[in-house]
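K.L.:
Right, I'll just put the structure down here and ask away after.
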């Protein structure tokens, strides 16, 4: 039951959300004077403290819910409010925990950029939106922050707006996210129209409307009948659409690789750790809405995404693109986690992934920074993000290397890392779940297993090319040598590296059963019948395959025994990212423009038609379709105009100026009338 | 003859008793005579003499009829020659007003001033026409009708041909006279039949009515049609409109203004009188109303459509006046037995608008020599006052608020609608729709004037000549009146 | 309640116009100051009224629930058998009209600000502007149908000249086209008005009346009259009431405009000078929506219900059609004109849903679009004033040249594409929600219409962002070369001064919609109840 | 025995002849003559009918008026036609058509 008194945790959470907003406003107000970015950094650190306090207070206790009246439409009051349950505070903390290092990192990374004051403002805006999103207590509010997050990401992707690529990327990102938003909105509308409230707790809480077993009919709003399961599926799908776009699920993933046009720090925060995970968070929130069918859809989509993205990642050369695809693939993992009903594990993976993927990006950023530096220093014509130009950086940038190695191991789920815990938990439960399924879907866990192999392959490939392989010729013969990144960048990386290891989550590195996080969320969940054997088997197999892959990569890329021919169809398919973009271009963008051109043409020619009616009519005979078009749109007006004009013309004929003709006409008409009368008589 | 002698005295009494009712006409007659006298002798001493006489006479006549408004209605005046009811009196008053305007208008018109005989004879002709029109408005006897129409017509022929200073004027006059005489001849022929059917010339009398009922409908219809021709010529509705554009264009503007206004008032009065003289179920009534209905619709359409293509302002206005005639006929149809307030209101407003527009057209022609619409380009800046009032009058003619034209239109619409609701006669609905449509059409050509005057730029700077300011002054007054009446119609309707 | 405030608000501009007539036309600068002062006074007045307005005053059908009412007999004509013609000067405000009065005052000030640099025939310009102002105010507050019609038609004249004289290249065409479209609608509206007049009698006097409120009560209809709700008379085979509704609807739909009747709008907008575009989009389009709610729905609720499906369809078609055509434009102004077609489609969809959410959303959308479209056209005007070109492809990377201008554009674009936090979002979101509710509530609209509408939201994002990318991002490259670069100065203080309040208002409305909704709510409830007969 | 019908027939004939003249003759004067014929047709009718109207002899009175007015009209018409001739050097209505659409 929502209470209206502000308790300390609430106050803390509230300030955690609002501080970045204050930071945003302040930096806007200061304008160029806010270059150094202290405002943003102070704001985020404060909200980290607040979030920490809130977390400590709320975690493991009953959720706290507060709301204030916002506005009323008809009889329905809409509220703004906070809902602090375990998931919320967890995310709250996570976001702050990731955001702070990124801020610190950016301090050095973005130094000297002309537009940096905008950068800080945008960053604060994003933090505000993201934090608001996680604590929002009703779907409408969630939607609002959901969109704001997208907006902030739009701004940050297009941060270097003079680059065409960036300008194009942020438009693409926003529009594709818009598709999802529409889904979200439609979902909201459906829920509202069928149940009459948008309050998360009232809907999805333990004794909420949807607490009833999925698929069962729900008493609808204003007592008129019930909501049919069919509409619930649609509503569920609508929400899932939103999540798909935001979390870059196949086929909506295309915006994420392009989004790498933004500064790397941004990519690490938004497009790796937090925002893209929002979709997963949303699904976790509305989880009770989904019935069996919907869950299957989610699981399948997640799996496909995971696989496809990993497959694309295999052959990319742009370091950030590789990481982007890896992110997509990991998001796919989480989705399938949701799909198999284990959303607590999905959230767990979300958290661990946030840390190590963020770290990966930061490390990559450090390298790119260095490459860029060299490029400018020696005027080299190289793409600082192309891994073919790197190599042998192991010795040059040892700390970067170390952190990146840890992150990669976490990514592949190597024991002792956090990734190991979450990923294996996921795999294991996938198998357990599949044991209960019939038909093709039971193949899901195997696919996921394959994906994890691919994962280890592409990430090791990355490591090998960047750190081990011999330095690229262009650098070598110039005698150029890289240096370690500045300290302000290293400190956050090290911090994140620590977070990517197991101790943060459990003291037993080998058993995910004891992870406090899982226990915290899983409380109200039904668990699947455990298969003991799997808990033993899966980790071992996974680890072994990982090592094998590592060896293969060693032979291929470092020893140079490269067996594949890069012209093979499969290779090309992966390199060109499955031609998905081209497909969109051909299937949606161009037809859309064509259609719009056609409609505009219609309009314009209708207008012309009015001016010179006769001529237009003549042209109209040319093509029957255009003729119809013209007459669909305001043909009537044109008709009147033409008729009037024509009639006027005809009438002029009678005015010949011959008085006798006039008289003749008069008598003719009289005669006609007489005749008519006579025949009327008869 | 012999049996008449004994009661000749009380017949004379009856006549004498009737005369006061015709006071305005008598005044006019007197003025007519003095006017001629003044024109012959006084003018050379004081050149405004005849003008003054005429003005005073008309005003007097107007005052008389205004004063008579209060009196009770007298029918079967002079042995049923006329009926002196409020309607007729108002019509007289209106006619007087129009005549007065015409006098001032003509006085200011350069053409007439250039004329050798100035305007004195014109005035006396005008007075004759005035009398004719007055009688037309009150006549209830075919003979009286014919006399009145002829009186008005012959006068009008002369007015058109009065200053034959250029070819087109004489041409206009000739067309007018030929067309007119033929029409009146036809009418006369028709009248002879009406007389024959009924043996009575008083079309309101019982004998006349039964007579019509007695005869074969077809014959009645034919005779009516012929009579209709004469009235149609005066009102210039389709198909008797052919003369209108040519004559209006050819005649000098004041005459055109007069012709397009005064005869319509009287003619409509006459039409209304005939239209409701007979019981609604009689054949004659049916035929007449069908005739009016059909020609009203056709007239509205034709007038407005034909106006679309006109470039000469006067010609355009001629067609517009045809269109308005159709609208007036619609009003005649709508007004069911008795209350004619709406009809009168429309007539009054129409008179205002029409006179005003022609005055302005004349004024503009005098100032700049522009007679075609596209010669008006950019004149809005040169003659702002004139064109602003022009636009207001045109808006009123179109029938848009807040002008009197709108109120008049609305009233007519409501009358027609009411009639439809009572009778359920589909024709009425048709009238409504056509009326609405023609409003839209009329916008096309009325707005050519502001289009050129304000929206277009003049290709070359046009020099302006001086002209008598009284006209534009009058026009301004009328525009103001049109606006005020649009906002407070009760001032006139009360 | 303070008497005559409303009347003063309406006729203030007229007084100003009179004053201007007295000022000799040599003093060019005086006029705009008079205009500005008048506008500000009106803004003040309407603001005060908005503040004094009592949110419970739902109005709609009951006179006692209207506020700032002035009701005096105006025309009384005895027309024999037609009975006594009684026309009142009858104005009043309820939740439906109050926001629009404020909107009008506000947009007028903006428009006056935008017409600061008018050089050509200043006197006439401002006089016409004032007359227009009066007419609009009148339309929004008239409660007597005759009065309403008078004001409604009175708007046309000034607009005709304002577009025709101060407009662009094809201004004559645009002006007359606009005029004809509207007149075509309104002439037939006149017939319906006459019909209503003869159908409705004033229960007190028994005379026929133009009083709209009486027209809304079926009891006042004479039993055998044409529009009587009890004896469903038929015309040309369809119910007379439905026919009347359709005629009125078409008249207002032309103003809105909805898709088959929209082609006057792009021309009018493109040819009109900036201030007039602002007024057109900011106020006049709203009159269409307002008229449909105030007149069509309230007087012909039954017919409205019957045709709900079609209204919804029209709405959806307008949304998508407008958006798609906007996508194809090269001329920025035309693009925005079509975008308003699309946005007004939401209004149609919302009111067609006959749910409180939908209707409130629609009204809200009307208001928000009022501010936003004004802002949009103002921005286009800023660009056009500088280089006299509006072609999207002639500009590139303006962001680095005109940062402040770019910020304004970006904010306005995002606000109009429905970014939460701005007013448009609330409007559109609730239109969609309402449309969804419709099926569950009374099954008037199928759900796919709501989904179709939401696609419009997507498309609006597409064309706005695309424009943003094409014109403002990337390397600076303009057609006119250095001459343009020199000409394209950033937003001047005056322009900033005009823009900021508008954006502030949309933001305020977006962040706390209660500002508007609290006043709208009661009326919308009453209206929906009147139409659907369902007590919410 | 000459019945009413005979008169009417004569009248009709006159009218038709007059009408023919009006429409067909290419000389304004002759058109006028035609008009006169038409009027006379009417007059014949009136007089003939008035035989049955013992009360007032309205027909005959009417006939008188008609004759007078016709004379007046013709006088005016002739004057105008003279004017026309001054300008056009022709009285053929066919040639006189400067005023037209």
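Every residue gets a Cβ built from N, Cα and C, even glycine.
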K.L.:
Check each of the ranges A:511-532, A:533-554 against TrEMBL and return the one annotated as transmembrane segment.
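P.N.:
It is A:533-554 that TrEMBL annotates as transmembrane segment.
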K.L.:
With TrEMBL as the source, which of A:293-315, A:569-591 is set down as transmembrane segment?
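P.N.:
Matching range for transmembrane segment: A:293-315.
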K.L.:
Do any residues, 6 or more residues outside the transmembrane segment (A:489-507), come within under 8 Å Cβ-to-Cβ of it, and if so which ones?
P.N.:
97-98, 100-102, 104-105, 108-109, 348, 352, 355-356, 358-359, 362-363, 365-366, 369, 399-400, 402-403, 406-407, 410, 416-421, 514-517
K.L.:
Residues of the same chain, at least six outside the transmembrane segment (A:119-136), with any C-beta under 8 angstroms of its C-beta?
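P.N.:
Residues 13, 16-18, 20-21, 23-24, 27-28, 34-35, 37, 39-40, 43-44, 47, 51, 81-84, 87-88, 91-92, 95-96, 99, 102-103, 106, 110, 113, 142, 144-146, 148-149, 151-153, 155-156, 159, 200, 263, 266, 269-270, 274-275, 278, 281.
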K.L.:
Using Cβ atoms and a strict cutoff of less than 8 Å, what residues sit near the transmembrane segment (A:182-205) while being 6 or more residues removed from its termini?
P.N.:
2, 63, 65, 67, 76, 78-79, 83, 136-140, 142-143, 146, 211, 218, 220-222, 227, 231, 234-242, 244-245, 282, 285-289
K.L.:
Give me the mean pLDDT over the domain 'NADH-Ubiquinone oxidoreductase (complex I) chain 5 N-terminal' (A:70-119), rounded to a whole number.
P.N.:
88
K.L.:
Are the transmembrane segment (A:441-468) and the transmembrane segment (A:322-340) near each other by the rule of at least 3 C-beta pairs under 8 angstroms (pairs 6 or more apart)?
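P.N.:
Yes, the transmembrane segment (A:322-340) contacts the transmembrane segment (A:441-468).
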K.L.:
Cβ pairs under 8 Å only, please: of the recorded stretches A:87-107, A:346-368, A:399-421, A:441-468, which one is richest in them relative to the transmembrane segment (A:533-554)?
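P.N.:
Selected stretch: A:441-468, with the most Cβ pairs under 8 Å.
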K.L.:
Given the transmembrane segment (A:87-107), which of the listed stretches A:346-368, A:399-421, A:662-679 has the most Cβ pairs that are under 8 Å apart from it?
P.N.:
A:346-368
K.L.:
Considering only the recorded stretches A:346-368, A:399-421, A:662-679, state which has the highest number of Cβ pairs under 8 Å to the transmembrane segment (A:441-468).
P.N.:
A:399-421
K.L.:
Counting by DSSP secondary structure, give me helix, strand and coil numbers for the domain 'NADH-Ubiquinone oxidoreductase (complex I) chain 5 N-terminal' (A:70-119).
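P.N.:
Summed over the domain 'NADH-Ubiquinone oxidoreductase (complex I) chain 5 N-terminal' (A:70-119), the classes give 28 helix, 13 strand, 9 coil.
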